[in-house]
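Notes for the one structure printed next.
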């Protein structure tokens, strides 16, 4: 029959997890990853010494260093993304007459909104956890979610533009592979955001459930981003065939510019996915995350989480 140890008794391990709860105090902290022998009340006596880099607190644990190459890859991805958005605008302005909602130029809002929303902003939302490595997890989550909201709203404007344009012109809807992929991507993106909000931002989701869903959330996030880039490439090719026809094979300037635009789409998608798949560039686990993921039932029963 398992017996519970009294506080301060039993064998000690150098990295045994210890938890210190205090009476009401402005300096109240939950400490994790500390030797039990070094845990004490935090009050007027001052903070615990941290001389070996092991103890981390929820209020200012030691910050993890940023990998040397990561900022350069992130900057390169942003350069590609901004160039992509600018070149999309240049293509529509130089060869498609620009953008105006109440005219035949309404359709041009569609490609611009989709590139900004479902490609550039979605890619940046995925990079939030690589760029903001040492900020509070809650703040990073909110920024991640807000960028996805902006991407969804802008993409929705692009969808409304193309459907409204087709209605005014009497064109058929949803007959091409591009349109099918586009509806699929937008639907998956909305569901992904809704489920992510429910699990990670909306209070009440169990930590165990979050942990089990997190790998799926990451996988589908990267997959939807990749599908968005592919769908944008399909739409670009479709637009060129409609607008240029046989002239496309004659190296028309618009065709050459659009081909470069397609390469930028592929390169931006590749840069974002490369950053995401580097295991050593992942956001390090912070002290607050370790504390919040501990089994509350185990703590309330009086045992150390590391006890046998």
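Each position is counted from 1, following the chain as shown.
Cβ coordinates come from backbone N, Cα and C, glycine included.
The annotation domain 'Cytochrome b561' is assigned in TrEMBL to 76-277.
Annotated transmembrane segment per TrEMBL: 72-94 (among others), in sequence order.
For 114-132 (among others), the entry in TrEMBL reads transmembrane segment.
Sequence annotations record features per position, and here TrEMBL assigns transmembrane segment to 144-163 (among others).
Under the heading transmembrane segment, TrEMBL lists 183-205 (among others).
The feature transmembrane segment is assigned by TrEMBL to 217-236 (among others). Listed by sequence, the residues of this chain that lie at least six past the ends of the transmembrane segment (217-236) yet keep a Cβ under 8 A from its Cβ atoms are 111, 114-115, 118-119, 122-123, 126, 177-178, 181-182, 184-185, 188-189, 192, 195-196, 199-200, 258, 261-262, 265-266, 268-269, 272-273, 276-277.
Tertiary neighbourhood of the transmembrane segment (256-276): same-chain residues 70, 73-74, 76-77, 80-81, 83-84, 87-88, 90-91, 94-95, 115, 119-120, 123, 126-127, 130, 222, 225-226, 229, 232-233, 236-237, 239-240, selected by CB-CB distance under 8 Å and a gap of 6+ residues from either end. What TrEMBL records for 256-276 (among others) is transmembrane segment.
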Open item on the list: So if I exclude everything within five residues of the ends of the transmembrane segment (144-163), which remaining residues of that chain have a CB under 8 angstroms from its CBs? That is, six or more out.
Closed with: 101, 106-107, 109-114, 116-118, 121-122, 124-125, 128-129, 173, 182, 186, 189-190, 193, 196-197, 200-201
- [ ] Please give the sequence-distant neighbours of the transmembrane segment (72-94): residues at least 6 beyond its ends with Cβ less than 8 Å from one of its Cβ atoms.
- [x] 108, 111-112, 115-116, 119-120, 123-124, 127, 130-131, 254, 257-258, 260-261, 264-265, 267-268, 271-272, 274-275
Task: Long-range environment of the transmembrane segment (114-132) - Cβ separation under 8 angstroms, sequence gap at least 6 - done: 70, 74, 77-78, 81-82, 84-85, 88, 139-140, 143-144, 147-148, 150-155, 157-158, 182, 185-186, 189, 221-222, 224-225, 228-229, 231-232, 235, 265, 268-269, 272, 275-276, 281-283
